[in-house]
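Asks: My structure is below; once you've seen it, I'll send some questions.
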Amino acid sequence: MKPNTFLSKHSALRHFQLLARVTSWLNVMRTVAILQEGDVVCLQKLCCKAPPPPRPEYDVVCIGLSGAGKTSLLSRLCNEISDGTVPTTGFSIKAVPFENAILNVKELGGAETIKKYWSRYYQGSQGVVFVLNSAASDEEMEASRSELLLAMQHPQLCTLPFLILANHQDSPAARSVAEIQKFLELQPLARGKRWILSGSTTSNMEAVKESFSQLICLLEEKEVLPSRI
Ligand SMILES: Nc1nc2c(ncn2[C@@H]2O[C@H](COP(=O)(O)OP(=O)(O)OP(=O)(O)O)[C@@H](O)[C@H]2O)c(=O)[nH]1
Ligand SMILES: [Mg+2]
């Protein structure tokens, strides 16, 4: 009897151990199954989420006399830090990313030898950025004004929104935005046109981004708004 009892106890124990192993294995399997299920749900959520809509792109031409700061501002907007900016020979194109849009900005060099060819590169533009040096001599300010007025009257630009940046605002000799607005006498010519005049400096790029955001708002407007002046 005893050996039999021992055997039955022994086999019961083995059965119990086996059962425990199978149960724990089943639990593990169930846990893995649950995890996998969860993972699938997560993956589905990640993969099946609609991609964000593409940002609209606008082609913008950037002009202004040499040294106004066009390359410096655009490089910083693209997070490119360049020491010792060299004058732009010909033109340079940068895709400048903003939260709601991408601006493909074509900067035209402002040197005397290049300036006369600016109008050849206007075609296809949807907006204009005009940069001037607020601390320039009166003579250079006058030259800037003439170029701006020519651009505003050009058949390929006259209906487009303009962002005018009175740059170098950090310079001690810089004229204020109000002084520049008075000096430029844009009112008669710019009446009915969409334009923004903002002060800017490479040392405050947040303000520059805000000015570009306002330009993007103008670019997004479907219909031409009445005079902003
Ligand atoms: N203090 C100061 N210096 C600036 C500012 N913007 C540009 N500069 C300096 O002005 C010089 C000319 O700047 P650029 O960006 O090359 O000017 P640009 O308009 O591209 O000139 P071109 O390519 O020749 O038409 C550089 O030495 C810049 O560092 C500014 O807001 N403040
Ligand atoms: Mg340049």
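Every residue gets a Cβ built from N, Cα and C, even glycine.
Annotated GTP binding site per TrEMBL: Gly64, Leu65, Ser66, Gly67, Ala68, Gly69, Lys70, Thr71, Gly110, Asn167, His168, Gln169, Asp170, in sequence order. Residues or ranges marked as Mg(2+) binding site by TrEMBL: Thr71, Thr88.
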Asks: Using only the Cα atoms of Gly64, Leu65, Ser66, Gly67, Ala68, Gly69, Lys70, Thr71, Gly110, Asn167, His168, Gln169, Asp170, which the record gives as binding GTP, return the largest interatomic distance in Å, rounded to a whole number.
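Replies: So the binding residues stretch over 21 Å, Cα to Cα.
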Asks: Quick one: pull the CA-CA distance for Asp170 (GTP binding site) versus Thr88 (Mg(2+) binding site), whole Å only.
Replies: 22
Asks: At the level of the C-alpha atoms, what whole-angstrom distance separates Gly64 (GTP binding site) and Thr71 (Mg(2+) binding site)?
Replies: 11
Asks: Have a look around Asp170 (GTP binding site) and count the other CB atoms within 10 A of its CB, chains all included.
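Replies: Taking every protein chain into account, the count is 14.
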Asks: Among the binding-site residues Ser66, Ala68, His168, which have a Cβ atom lying under 6 Å from any atom of ligand 2?
Replies: none
Asks: Give me the CA-CA distance between Ser66 (GTP binding site) and Thr88 (Mg(2+) binding site), in Å, as a whole number.
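Replies: For Ser66 (GTP binding site) versus Thr88 (Mg(2+) binding site), the Cα atoms are 8 Å apart.
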Asks: Under 8 Å between C-beta atoms and at least six apart in sequence, can you list the same-chain neighbours of Thr88 (Mg(2+) binding site), or say none if there are none?
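Replies: Result: Lys70, Thr71, Glu107, Leu108, Gly109, Gly110, Ile114.
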Asks: Could you tally the C-beta atoms, other than its own, that fall within 10 angstroms of the C-beta of Thr71 (Mg(2+) binding site)?
Replies: 22
Asks: Which one of these binding-site residues has the most other Cβ atoms within 10 Å of its own Cβ: Lys70, His168?
Replies: Lys70
Asks: Measuring CB to CB from Ala68 (GTP binding site), give everything in the same chain under 8 Å that is also at least six residues away in sequence.
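Replies: Gly110, Val131, Leu132, Asn133, Ser144, Asn167, His168 - these are the non-local Cβ neighbours of Ala68 (GTP binding site), listed in sequence order.
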